[in-house]
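Straight from Swiss-Prot, the features:
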{"type": "REGION", "residues": "1-56", "note": "region 'Disordered'"}
{"type": "COMPBIAS", "residues": "20-31", "note": "compositional bias 'Pro residues'"}
{"type": "DOMAIN", "residues": "62-314", "note": "domain 'Protein kinase'"}
{"type": "BINDING", "residues": "Leu68, Gly69, Lys70, Gly71, Gly72, Phe73, Ala74, Arg75, Cys76, Lys91", "note": "ATP binding site"}
{"type": "ACT_SITE", "residues": "Asp185", "note": "active site, proton acceptor"}
{"type": "DOMAIN", "residues": "464-542", "note": "domain 'POLO box 1'"}
{"type": "DOMAIN", "residues": "563-646", "note": "domain 'POLO box 2'"}
Amino acid sequence: MEPAAGFLSPRPFPRAAAPSSPPAGPGPPASASPRSEPGVLAGPQTPDASRLITDPRSGRTYIKGRLLGKGGFARCYEATDTETSIAYAVKVIPQSRVAKPHQREKIINEIELHRDLQHRHIVRFSHHFEDADNIYIFLELCSRKSLAHIWKARHTLLEPEVRYYLRQILSGLKYLHQRGILHRDLKLGNFFITDNMELKVGDFGLAARLEPPEQRKKTICGTPNYVAPEVLLRQGHGPEADVWSLGCVMYTLLCGSPPFETADLKETYRCIKQVHYTLPASLSLPARQLLAAILRASPRDRPSIEQILRHDFFTKGYTPDRLPVSSCVTVPDLTPPNPARSLFAKVTKSLFGRRKSKNKNHSEEQDNVSCLVSGLMRTSIGHPDVRPEAPAASALAPVSLVETAAEDSSPRGTLASSGDGFEEGLTVTTVVESALCALRNCVAFMPPAEQNPAPLAQPEPLVWVSKWVDYSNKFGFGYQLSSRRVAVLFNDGTHMALSANRKTVHYNPTSTKHFSFSVGSVPRALQPQLGILRYFASYMEQHLMKGGDLPSVEEVEVPAPPLLLQWVKTDQALLMLFSDGTVQVNFYGDHTKLILSGWEPLLVTFVARNRSACTYLASHLRQLGCSPDLRQRLRYALRLLRDRSPA
C-alpha cells in the first residue's frame, strides 16, 4: 500500500471534512473482527463514526479497534483498512501533545528514522498522515503484543527461550547500528511478537543517528532500569549503551527482575553507576559469563554484537527454531532434537520404569473404550488376602538434611522412580522446568533469616498427596489425595482413580484421554486394574495415617484433580510431579513436606515435623527469607528438580 500522505507539515493543516458516507467496498461493521475477510461480509456497512480514521488527502478510511497500548505521548490501536481489510497497529498522537516545535520535531525524527527501515526483526513502517486532531503512524500489527506481556505472565523464561528472542533482537539491532541508528530505549515493552512468534524491535520515539563521540548529545534518556552508566554520567549514547540495555533485558528474562531494580530511583541509578548487581548461581555458567561481560562499567569493555553471538551461551546452548504460542503464558516443552539425548532417555526408561505399550491395539485414535483397552496388559493380582509390603518410606532410617559441598549438590542414589508417565499434554519436562525456574528465582535472591514470614491467613484449598504406597516392583505407585480420591499410576504409564465417594472410576490411558465409569460398569478389560486400585485404597485406609493437618478439600470443589505424571524416590525424599504443575516433596526422616502450587502467584506450603502446615507466597520468601529448616528443604527440592531437568 502506498503512503497516504507525504511528510508531516510543520504545522497542523486545517481540519478536513469527514466524508458523508463510508467509502464503497466491503468495510467491516463495528461488531466484526478487524481481520474479517471481505468475502464473508454481507455488504457495505456504516461503522460508528467515532471509530473512523480518515486520511484527509486520500479519503481512505480505517476502523479503529482495540487499544493495544499507551505511552506518555500516544496510544496505539488496532486499525483496519475498510477497503482492503488489512489490519495495522496505528500510533495516535494528539496534536495537543506536540504543540511545541521541539515536541513536533521528535515525531518528525521518529518517522524519518523508521520509515526506510526494512528488516525481518524490525517493526515495519507502513505510512502516516495527520488531521487537525491527531497524527497517525501506521505500523505492522504484532498480534501477540510484546515481550513485556510474556514476561508478566511467565516471570522467568528458560535459557533456550531467551536465546531464541535474543538472537532476533541482536539481528535487528545489528541492522540498526549498521545503518547508523541507535535505538536508545531497548526494553521488554519495545520487543513486539507476531502471530507466528517472531520478534520485532519497535518504538523509535527515542532513536537517534549515531554521531562521533565528541558530538553526541549528553541528555539522559531511556527507561531507568535499562539505562547505561555512561548515559547517566552524561557521556553520550553510543552503540555500547544499546548493548548494555540488551544485557539488562537478558537478565530480566532469566532472573525475573531487572538487575539494578530497587524501590528508589536514586538507589537504582547508584547501583547502575557502580555496576552493583547479583548473578544468581542458578543460571548456567555461560549465561553468567555473558551477563558479566555485557554489564561492564566502561563501554569499551563490552562485547560487540558479533562477539555476543559467538559467545558460548549461543554457540553451545540449544536454540529452538520456533516457540509454541503456548509459551506466551506457560513454560514450553523444549526438547533438543539430539540423537544422543534420545538414546540416553531410552536407557533411563529401561532402568527406571516401563512405558505404556505402543502396540497397535492400543491406538489412541480409537474412541471405542473396548477397542482402546483391548491391548492393555492383563495383570492378575492373585489372592485377595495377599497384602502388599509396608510402604517403602516407613522402612527408611531418618536421614540428615545437612547441605553438601557444591560439587556434590545433585541428589545421589535414586532408589526408584516411575517412567515418563503420560506422553501427551503437560509433560514431566514442562512441570520440572516451570517449577525449576520459579524456585531458583526464589532461592537465589532469598536473604538470610531465622524465621519464616507470616503465612497466608486463608490460603486457597490445596489438593495434595496425604498417603502413598510404592508397590512398583509389581503394579505401580498408589496415592490418596487430600480430597480422599485414591489413584494408581501403573507401571505401564496408565492412570486410574476412584472418586472420594467410591462410586466413580476415572481411567486415563494418556493425559489427554479420559474415561469415566460407574463402579458397576467398568469394562472387563479394566477389571484387573480396578482390583489393584481397590486394594491400594483399602491398604492406605487401614494402615496409613494422613501426612499433615492441612484442611480437607471436598472433591466437588475439584472437578478435575491433578494426575500424577511421575514420582522419584531418592535416599532422602519422595518427589511427585502433577499434571497441574504442582510439585510435592516428602522427606522421610522427619515426615516434613514441601508443596509448590498455584504459580500465579507461586505458593509454598510447608508441613512441619509437628504436622502443622503453613502456606507462604514465594515472593514473600524471596524478599524476607525463611527459617533454616525451610531453606534447606527448598534447596534440596531445587537440586531434585535440577537433577530431573533435561537441560
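Placement of Cβ uses the backbone N, Cα and C atoms for every residue, glycine included.
Given the structure is predicted, the values throughout are model-derived calculations rather than measurements.
Recorded features from Swiss-Prot, shown on the structure.
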residue : record                       : contacts (Cβ under 8 Å, 6+ apart)
Leu68   : ATP binding site             : Cys76, Tyr77, Glu78, Ala89, Lys145
Lys70   : ATP binding site             : Cys76
Gly72   : ATP binding site             : none
Ala74   : ATP binding site             : Lys91, Val92, Ile93, Pro94, Arg97
Asp185  : active site, proton acceptor : Asp203, Gly205, Leu206, Ala207, Cys221, Gly222, Thr223, Tyr226, Ser245
ATP site span - longest C-alpha distance across Leu68, Gly69, Lys70, Gly71, Gly72, Phe73, Ala74, Arg75, Cys76, Lys91, in Å: 14
Additional residues surrounding ATP, by Cβ distance to the Leu68, Gly69, Lys70, Gly71, Gly72, Phe73, Ala74, Arg75, Cys76, Lys91 centre under 8 Å: Val92
The domain 'POLO box 2' (563-646) [mean pLDDT, rounded to integer]: 89
Around the Cβ of Cys76 (ATP binding site), the count of other Cβ atoms that are within 10 Å: 19
Three-state secondary structure, Lys70 (ATP binding site) (per DSSP): strand
